[in-house]
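*Asks:* A single structure is presented below for examination.
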Amino acid sequence: MAGGGNAIRGSRVGAGPMGEAERGEAAPRQAVTYFCAHGHRSVIAFSVDAVVPDSWDCPKCGLPAGLDSENAPPAPKIEPYKTHLAYVKERRSDKEAEVILDEAIQLLRSRRKSGEIIF
Ligand SMILES: [Zn+2]
């Protein structure tokens with residue numbers, strides 16, 4: 001199966017309402033340990049029939065986690081591009097950001113009045 005994690009998860013969900021446990025026969029399981037870039041160590045149990053994916057989302061932080069403890073997958077870049085306002089909000093208190101936003105609005109308005117088209 002080439003579907004990766006989602007396909008595996010889908011098959012687990014679709015296997016039955018409560019899986020084999022309800023029928024009193026626990027399916028054989030294999031425990032697979034995944035490591036994420038934050039150093040979390042997560043043991044995921046898979047059916048022995050399942051194809052163990054190379055990566056799994058870390059249950060603790062959501063980063064992709066891999067099988068190699070020495071070489072965890074890098075955290076994905078959250079946003080390749082941030083607006084100036086987002087940057088300001090992140091780096092400054094809300095109060096400061098408000099002032100800066102206000103200044104920006106004033107600047108936009110004054111530019112509009114002077115005939116410069118912004119948008
Ligand atoms: Zn993690």
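Yeah, the Cβs are placed from backbone N, Cα and C, and that goes for glycine too.
The shown structure was predicted, so the numbers you read here are calculated from the model rather than taken from an experiment.
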*Asks:* For the feature region 'Disordered' as recorded in TrEMBL, pick the matching range from 1-24, 49-72.
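*Replies:* Going through 1-24, 49-72 one by one, TrEMBL gives region 'Disordered' for 1-24.
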*Asks:* Return the residues near C58 (Zn(2+) binding site), defined as same-chain residues 6+ apart in sequence whose C-beta is under 8 angstroms from its C-beta, sorted by sequence, else 'none'.
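*Replies:* The list for C58 (Zn(2+) binding site) reads Y34, C36, H38, H40, S42, P64, A65, given in order along the sequence.
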*Asks:* Starting from the Cβ centroid of C36, H40, C58, C61, the recorded Zn(2+) site, name every other residue in that chain with its Cβ within 8 Å, sequence order please.
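*Replies:* Apart from the listed residues, the neighbours are F35, A37, H38, G39, S42, P59, K60, G62, L63, A65.
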